Amino acid sequence: MKPSIYSLTRDELIAWALENGQKKFRATQIWDWLYKKRVQSFEEMTNISKDFIALLNEHFCVNPLKQRIVQESADGTVKYLFELPDGMLIETVLMRQHYGHSVCVTTQVGCNIGCTFCASGLIKKQRDLNNGEITAQIMLVQKYFDERGQDERVSHVVVMGIGEPFDNYDNVMKFLRTINDDNGLAIGARHITVSTSGLAHKIREFANEGVQVNLAVSLHAPNNELRSSIMRINRSFPLEKLFAAIEYYIETTNRRVTFEYIMLNEVNDGVEQAQELADLTKKIRKLSYVNLIPYNPVSEHDQYSRSPKERVAAFYDVLKKNGVNCVVRQEHGTDIDAACGQLRSNTMKKDRQKVVAAVAD
């Protein structure tokens, strides 16, 4: 199975070209074909020699993903189900915003974090995606625009799809540098957000990277007892350890942290929990932000339901009265398989049913 050429950073592509007897400018030309002209095959690179194209084909493919399903929402949201070369399935989402087009990418096949409300964790982690497989998601969404003759581009990226990005740290960092490269897609670092469930040691490492990429933390509860009951990760990285890492990140980067807080009816959405959350974030209030997220119900997690608007409003009011910067997140794609991991899970369920039916016949 040949790797995708997207898995190489620009420096790695230059090094590979030099090792294979080519000039540096040839690597620059290839990079330009990939990320500016966005070709889907090496044969389309008209200023590259046939011998070098043959060498490229021998060692690499271009895009390793196959499109299985596309769901388009009435609000313009597009959800993709992609198949990897080994047959594994991943999701990617395009969200149309007033400020541009944002793409949510997946970083792992399955997830081992074990959040009890999340569709992503219904399938345990099978493997990490490599840098090329993550980058390919962006390239196929951009291809969606290009094929429609739309003068539009992917302007924002959120690393919030299936999997824990910091559990696949090295590949995610290579991906971030690839899409941020000024000679390629040139997606601004401040238009990119990476979300973690709270791997404290990786937050510290991320703080030392010197990148301007935004950090979001999936918090979802304001105390250890509740957070440990709905997010297994809290048993390894309790709030004291997590917030020490967050404070280090803020001190090191002087950048704001966003806290994601999914609203679960009568679980974590009471006014007393809102006050706890306000107290928890008080020390870092000037450089923190709370994103209240309406819950997309998952049939396998029927113990949870969406918080009524009245409870969300009351929670929000407590935060605002305490001076917390917060917002209720705008929903996207509510008329399709909206929850992260839901399209993949539902498709795999249907595939299994087909196999069972075929065996029964």
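Just so it is clear, glycine is given a Cβ too, placed from its N, Cα and C backbone atoms.
Secondary structure at Glu91 (active site, proton acceptor), as computed by DSSP, is strand. Its Cβ placed at the centre, Glu91 (active site, proton acceptor) has 25 other Cβ atoms within 10 Å. The active site, proton acceptor annotation in Swiss-Prot covers Glu91.
The active site, S-methylcysteine intermediate feature in Swiss-Prot is assigned to Cys340.
Swiss-Prot lists Cys111, Cys115, Cys118 with the feature [4Fe-4S] cluster binding site. Cys118 ([4Fe-4S] cluster binding site) is surrounded by 26 other CB atoms, counting those within 10 A of its CB over all protein chains shown.
In the three-state DSSP scheme, Glu164 (S-adenosyl-L-methionine binding site) falls into the coil class. With a 10 A radius on its CB, Glu164 (S-adenosyl-L-methionine binding site) counts 26 other CB atoms from all the protein chains. The S-adenosyl-L-methionine binding site annotation in Swiss-Prot covers Gly163, Glu164, Ser195, Ser218, Leu219, His220, Asn296.
Taken from Swiss-Prot, the feature disulfide bond applies to Cys104-Cys340.
The domain 'Radical SAM core' annotation in Swiss-Prot covers 97-335.
Once the Cα atoms of Gly163, Glu164, Ser195, Ser218, Leu219, His220, Asn296, the listed binders of S-adenosyl-L-methionine, are compared pairwise, the greatest separation found is 19 Å. Checked against Cys104 (disulfide bond), the recorded positions Glu91, Cys115, His220 differ in C-alpha distance, with Glu91 being the nearest. In this structure, the recorded positions Cys104, Cys111, Ser218, Leu219, Asn296 were compared by how many other Cβ atoms lie within 10 Å of their Cβ, and the smallest count belongs to Asn296.
Spatial neighbours are here defined as Cα atoms within 10 angstroms of one another, and by that definition the neighbours of Glu164 (S-adenosyl-L-methionine binding site) among the recorded positions Glu91, Cys111, Cys115, Cys118 are Cys111. Among the recorded positions Glu91, Cys111, Cys115, Cys118, the residue whose Cα lies closest in space to that of Gly163 (S-adenosyl-L-methionine binding site) is Cys111.
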